[in-house]
Structure formats: structure tokens, C-alpha cells
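Chemist: Input: one structure, supplied below.
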Amino acid sequence: MMTSWSDRLQNAADVPANMDKHALKKYRREAYHRVFVNRSLAMEKIKCFGFDMDYTLAVYKSPEYESLGFELTVERLVSIGYPQELLNFAYDSTFPTRGLVFDTLYGNLLKVDAYGNLLVCAHGFNFIRGPETREQYPNKFIQRDDTERFYILNTLFNLPETYLLACLVDFFTNCPRYTSCDTGFKDGDLFMSYRSMFQDVRDAVDWVHYKGSLKEKTVENLEKYVVKDGKLPLLLSRMKEVGKVFLATNSDYKYTDKIMTYLFDFPHGPKPGSSHRPWQSYFDLILVDARKPLFFGEGTVLRQVDTKTGKLKIGTYTGPLQHGIVYSGGSSDTICDLLGAKGKDILYIGDHIFGDILKSKKRQGWRTFLVIPELAQELHVWTDKSSLFEELQSLDIFLAELYKHLDSSSNERPDISSIQRRIKKVTHDMDMCYGMMGSLFRSGSRQTLFASQVMRYADLYAASFINLLYYPFSYLFRAAHVLMPHESTVEHTHVDINEMESPLATRNRTSVDFKDTDYKRHQLTRSISEIKPPNLFPLAPQEITHCHDEDDDEEEEEEE
């Protein structure tokens, strides 16, 4: 006879003794199937599942798709007057990573932390460090809010652009035909600033995406450029059984239809043996031309799409939600109205940390799931190169040993130079395992700007949303404790504290002598017996009053 969890938890004192770290690990899914949690989320509270298309439902193959975008953008630049020699460049996926910042003044690609501190600085293909960096960034720091100067390359679509900017800066800096300047380059009497060059690249990228042949070439060879996953119909059909499913993409209907038709092009339906279904049947609401992030604010006029021609019907759509209708434009408020849902009822799944995740979280309160395809490689390095991480920990222990018996009275200065050199070498080797710009999430022990944005705005994240297939829809995604240094480096063992040295350490904040408190209160009230006094002493809460998790609101449960 099996014992229920509620029975097993009656004696809660037994749980910690039996549930050590190794025991916890056996309940976790495989790393490549995991969904990672920043803020707790109860799946049973989710009533609507929303999807972006590009790089979410439709994952583009890397580096094939980035190479195509790179080539088309270079061709566009050459067509408007840039040197023919640029056509010799080919996309190198080992150089760029997402989340880099381009300095339009000096032409540098920067990797920074959440506060704007420099982690990596590259001028073209030349990595700058030390005194050279301080000439342009005296405090090794940038003002991230100076958006006129600093542009964050945060999306997967930015990867070809990131590498192209490095190619251009390196070419114009080193080509003998041009004279390199601090803020640009000269060709005779002609001066081109890095700001102007950057704007040309931005315009070329937009042209390739909206007027060029990128989408046409993608559709011509879908097998080459788009990942097709047989588990997609199964997951969406299961989602539709427990809630509503919608698609909100910035792409137009014609392109969306071709991509989605390919993604669901299987001889069977959700399961082998079931009949094939058109892709539209997996969604309760389909919305194209969303124009995110504007979509999460005032939005645009809601129109209806003629699915036979791909053109928009005249007039604003004002009717109820109808199955089979494809909408264009609108806003996140429109989605909520049509689906009869409110902010926290919706889990929105996308890859764009600004256009999908940040805006849906800040403006609408939607729950958020960030798709980070690079996470697969990050996890591979984290596990496959564990020896490097372990060596860093050993070096930290060795460093601590050298100082173990020294205090402020010591004149001895241990020689730690060799340890420092080794730490730098191991950290560099670790960084290079990810690529030339290092990890998407860190540089050594310091987290990147991108990592901080993921932690701040994404409730859940994973390499693919398909990982939701491995969790029940009743699952409670619980966030792990985010430990501060004094918590992560101090063991849970009793430490005798000298009260004279640390008087606040033994200050009693948990237990109160209520008899003594009542006596004092009685003494006070006797002296002012004719006045009913206010509460003179706070009482410790006897019920749970603190909010510990994002998704543990008992008031909402009581209302339901």
C-alpha cells in the first residue's frame, strides 16, 4: 500500500533528514529536458498559452540561417556603395554571441554586466584590454541608458549583424586604402563615422528582412533553414485540452502560413495513427503583423485577414472570437478580451527578451517563458567541461589555505601570483569553450547583462518550449533559493558567537516573552486607564502573511 504525500509530510521533521542533495537530483529531469525557474509558476493556473513564431515555434537552423542573413546583408551594403571586397567575408558562428553592445562612437563590440561594467571589448577582430581599454572607457564602465550611443544586440536575428559590424570595423581599420580614426575612418577627403556605418548596417538588415529575399529564400529551402520537430503537434494538442492556445507573430500571413504548414507537415496528427490536421486547428486565436513591442502597449487596429489572398479586409474587426479567422494587428488587450483572460492567466512563450518577454511582463503581467536555443550548448559546456569548474574551486580553496592563519597583525605576504595566473588561465579556457566572446550568461564569475535580463523578466526559460512536454499541466515550477554570498559560502552548522564582538548577532528577533509583554502593557494601561490605548506592541503573525513566491497567492485561490 502506497503512502500519500500528505501522510508522509505529517512528520515534516523526517523530510530534511531523508531528502539530501543527491536524493533531490534523482527527481530532476535530464538537463536537456529541463525547464528552469526564476519565479514560481503553477501550471494549473494557466488558462492560455501564447506563442511567438520566429525562433520559438519555428527554430531556424544555425549557422545556416545566420549565414544566409549575413550574405544578403553584405550584398545589400555593396549595392549601396560599400567595397566589393566585403563579399569575401563569410559568417563565422564562433565569434558572435547575443547580448553584446555596439558602441557607435568608437566602433567597439562590448560585453557588459548588468551595471554596465566591461567584461570584453573588441575592435573588429582585435580584443582590447588593459590601458588601451581605459583610454576610451576610463572606468571600464558604460552608461547603458545612453541609447543614442550604445545599441544592444539582444536577438537571434542580431547575430549576423553582430559579426558583420566586427568585419566592417576590422576591414576599415586595417585596409591600407583607408585612414583609421578614433571615431571612424577616412577615404581621402571623405570621412565615415562608426555611427553612420552602424546606421547603414541597421538599414541594410531591415531591408533584407522586409523588402529583400530573406523570407523568399527561406521558404524555397525550408529543410535547410527550419527545424522540424514531430513533438510539436502533440504538445499543442495537449495544451489545447487544458486551455486556449494562441499565436501572436510579427510576420505577415503568407510567410506565417508557409512556415507553419511546413512545421505541421506530418502524415499523421498529434499522435501516430491519428489523422492529419491543418496547423490552424491547433490554435484558438491566430494573430499576424503584431508589431511587437508596440503590440503590448497601444497596439494597432485589429483587422481580419483574407486567408485566400493574404490581404487585409477593410475595416476594424469588432466581433467576438471566431474559429478559423486570422487577425492582423491589434494589441495584448485585444488578446485578453477575445480569449476572456487576464494577465496572470496567460503564459507567453517567445525568444525576444525585449519584444516578447520584457514588455509582456511589465505592461500586461503575463507569465513569461523565454526560449534560449543557445542554452543547449551552454549546458553541454557546463557538464562536459566540469573539470575546469572544479579546478577553479580547488584554486579558491588553495588561496584560502594560504591566508588561513593570518589576521591584521600578520606581516607575512603570501605569494599568490602563480595562483592568480592559473585562475586567469583556467577562466579563459572556460570562456573559450563557449566561443570567442565567451558564454552568453557569464564572463568568469560575473554574470552578463543578458543573464540579468533573463533572471529579471523570464519566469521560466529553456532551450526549447518543447521541454514542457515532459511536465504535467498540474506541475508547480518552484524557484530555487537565490543565495547571497553569506548564504552560499556559510555552512548550516552552529557557530558560537562572541556577543561582545557581535552584539547584534544574538539579538532575539524570533521569540517573545508574551507574559512579560502583557505585564508591561498592563502597567502602561493602568497609568492611562481612562484612555483606550492603540496597539503598543506588534504581535508575531500566527499565519502565513509573507509572499514567498510569485505564484502562491492564497487570496486568488479563495476567490476561485
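The first residue you see is number 1, and the count goes up from there.
A Cβ is built for glycine as well, from the same backbone N, Cα and C atoms used for every other residue.
Sharing the record's features from Swiss-Prot:
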- Asp52, Asp54, Asp351: Mg(2+) binding site (BINDING)
- Asp52: active site, nucleophile (ACT_SITE)
- Asp54: active site, proton donor (ACT_SITE)
- Ser418: phosphoserine (MOD_RES)
- Ser502: phosphoserine (MOD_RES)
- Ser511: phosphoserine (MOD_RES)
- Ser527: phosphoserine (MOD_RES)
- 541-560: region 'Disordered' (REGION)
- 548-560: region 'Required for tetramer assembly' (REGION)
Chemist: I need the CA-to-CA distance for Ser418 (phosphoserine) versus Asp52 (Mg(2+) binding site), whole Å please.
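Modeler: Cα of Ser418 (phosphoserine) to Cα of Asp52 (Mg(2+) binding site) measures 50 Å after rounding.
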Chemist: Cβ within 8 angstroms of the Cβ centroid of Asp52, Asp54, Asp351: which residues besides those meet this for the Mg(2+) site?
Modeler: Met53, Tyr55, Thr56, Leu57, Ala58, Leu156, Thr249, Gly350, His352, Asp356, Val371
Chemist: Please list residues from the chain of Asp54 (Mg(2+) binding site) whose Cβ is under 8 angstroms from its Cβ, counting only those at least six apart in sequence.
Modeler: Tyr60, Phe157, Thr249, Asn250, Ser251, Asp351
Chemist: Test of understanding: give the count of other CB atoms lying within 10 angstroms of the CB of Ser418 (phosphoserine).
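Modeler: 8, counting other Cβ atoms within 10 Å of Ser418 (phosphoserine).
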Chemist: Which residues of the same chain, at least 6 positions away in sequence, have a Cβ lying under 8 Å from the Cβ of Asp52 (Mg(2+) binding site)?
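Modeler: Correct list: Ala248, Thr249, Lys292, Tyr348, Ile349, Gly350, Asp351, His352, Asp356.
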Chemist: Within the region 'Required for tetramer assembly' (548-560), what mean pLDDT does the predicted structure show?
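Modeler: Mean pLDDT, the region 'Required for tetramer assembly' (548-560): 56.
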